[in-house]
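**Q** Sharing a structure here in structure tokens format.
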């Protein structure tokens, strides 16, 4: 759509013209599920791969289980959580651009996103290559630290593949194209299972080979995804060719939205990683049990995460299309179904909690402690469900910074201090860590829900309209000061879009 047509549509827009008939609850539920279900599956498959590696290493020895678990904690803290958090900027920008009908803008945004994630990955590589010294400073066992460092080093290519996989995935998802990611993730997971089984279990090549197999699976996912984009020619509608200026200009908006988005994911992720580090100070049995429970929590969280992503995209699309009623109904419908999702993901874990640990290790003491911790996951699924749906609304509105502040206050100023006191000053041990974190989760869930329910949808639509009308702006939002700043596309960008 050219800039003139887009501007005329905006002037004709009236906030009250959208009615419930245009965005009925049934139609919105259908749209949400068509996005959410494949996204749930692809996210689950994507995150289950590291767990497969941990399970395989757990059958080598207790030391290699601990090392693989610790290595996955590190890659989550300084890798996958950063990747996932930064993609929230892509969700906000891609979905609003798609909703507005300005397809060529999506291509420019994709170029910039790829450049930024490559820069971020380069910085993380430098940290990962020196991670052993950091682990020793944190008091980890020298053998575990050495094995973990090897695992992390051999997984570095996979981390880069995942950064690109998720960026291209957001590009597809915001265009309501979700099936290719499922097939790509499924192919990578099957490859991971076979390579882990033969190279690590059957031929006993060790922990570093497990990390290489994991890297290979992420590479397979990326190239399958790229293969679809090229073969289907879906890129032609959005891609106007690589442009040096478009690729290396206006990075600020990605950092202004992406960095708070990273902090939102990282603050939450780091709580569990800190708990794992705390468990390591309580002995190898506690560390092994905590590692197993954390892996299970990460897996079942991927299912509602698909719904969160769908809500983020759908709200962003409706805001970009200047439809406040549609945006509100997305949130209403999501609230109605999230409790069902939480129940069906958390309850089965509780019912089979005595059998799940056996997939990771045959150590009876580790299995017993892990089974005692698992009932906490049902409560966590409900808290994370309602918090995640409400958080998705904030992300779609570009309010990542506010979300990061809420998580920091709830988790680190309230939840984790309580967890530390209960863990080290009482006889509760690792159970105290979970109790403290539950308190923090409860507070953030309440705050998120109140903020999302009080959203002024008409005002958010006005801001989305401003983002597109003012020289096809790509907006970044500073909610703390109540000021909204814009980074605009250049005159050359506008002329290109109008051609």
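Backbone N, Cα and C define each Cβ position, glycine as well.
Pasting the feature list from TrEMBL:
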TRANSMEM  113-131  transmembrane segment
TRANSMEM  151-169  transmembrane segment
TRANSMEM  181-199  transmembrane segment
TRANSMEM  205-230  transmembrane segment
TRANSMEM  242-267  transmembrane segment
TRANSMEM  287-308  transmembrane segment
TRANSMEM  329-356  transmembrane segment
TRANSMEM  376-397  transmembrane segment
TRANSMEM  404-424  transmembrane segment
TRANSMEM  430-453  transmembrane segment
**Q** Might you confirm whether the transmembrane segment (430-453) is in contact with the transmembrane segment (376-397), defined here as three or more C-beta pairs under 8 A between residues 6 or more apart in sequence?
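**A** Answer yes, regions in contact.
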**Q** Six or more residues out from either end of the transmembrane segment (151-169), which same-chain residues have a Cβ under 8 Å from its Cβ atoms?
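**A** That would be 42, 46, 67-68, 71, 74-75, 79-80, 83-84, 87, 90, 110, 113-114, 117-118, 120-121, 124-125, 128-129, 131, 181, 184, 207-208, 210-212, 214-219, 221-222, 225-226, 229.
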**Q** Need a quick answer: max count of Cβ pairs under 8 Å to the transmembrane segment (205-230), which of 113-131, 181-199, 242-267 is it?
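**A** Looking only at 113-131, 181-199, 242-267, the most contacts with the transmembrane segment (205-230) come from 181-199.
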